[in-house]
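Asker: Can you read through this structure? Questions will come right after.
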Amino acid sequence: MNRDIGKNAERELVSILRGEGFNAVRIPTSNSSPNPLPDIFATKGNTLLSIECKSTWENKVKVKEHQVRKLLDFLSMFTMKGVPLIAIKFKQVHEWRVLVPEKAEDIIVTIDNSIPIEDLFKILEKRIEEKILTP
């Protein structure tokens, strides 16, 4: 992904997250950083999101194992509930979609194996509300 396209996608996603009530920041680092830093991290309630962000005109994106590992390693540094996310802006359908990786491995993200970001927000909001209402 072209650096400017990547930066713009990351900024757009941070704006979307903030619009949904998350505290979100872009971490401008290179993939070569030895630190386990995601492209974006966001918090809401006791939930921490660690996000690898991509943008494409294609119908799929390959995310490398080391990119997934940095999401998981970043979350392991915190005690709050963490959710690793791969967020893809599929430009041909004008839609942000997300996938929650289960382990560090190469992953092909497609429109079919991911969910709309709005669905993720509904799931997370329900989880946050349940934690607030449950003593």
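Using N, Cα and C of the backbone, Cβ positions are placed for all residues, glycine too.
As listed in Swiss-Prot for this protein:
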{"type": "BINDING", "residues": "E10, D39, E52", "note": "Mg(2+) binding site"}
{"type": "SITE", "residues": "K54", "note": "site 'Transition state stabilizer'"}
Asker: Provide the three-state secondary structure of E10 (Mg(2+) binding site) computed with DSSP.
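Answerer: Looking at the DSSP assignment, E10 (Mg(2+) binding site) belongs to a helix.
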Asker: Could you say whether, by DSSP, K54 (site 'Transition state stabilizer') belongs to a helix, a strand or a coil region?
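Answerer: Note: K54 (site 'Transition state stabilizer') is in a strand by DSSP.
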Asker: Could you round the CA separation between K54 (site 'Transition state stabilizer') and D39 (Mg(2+) binding site) to a whole angstrom and send it over?
Answerer: 9
Asker: Can you list the residues of the same chain, besides E10, D39, E52, whose Cβ falls within 8 Å of the Mg(2+) site's Cβ centroid?
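Answerer: Other same-chain residues near the Mg(2+) site: G6, A9, L13, R26, I27, P38, I40, I51, C53, K54, A87.
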Asker: For E52 (Mg(2+) binding site), just count the other CB atoms lying within 10 A of its CB, please.
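Answerer: By my count, 24.
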Asker: Which residue, out of the binding-site residues E10, D39, shows the minimum number of other Cβ atoms inside 10 Å of its Cβ in this structure?
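Answerer: Counting other Cβ atoms within 10 Å of each of the binding-site residues E10, D39 gives the minimum at E10.
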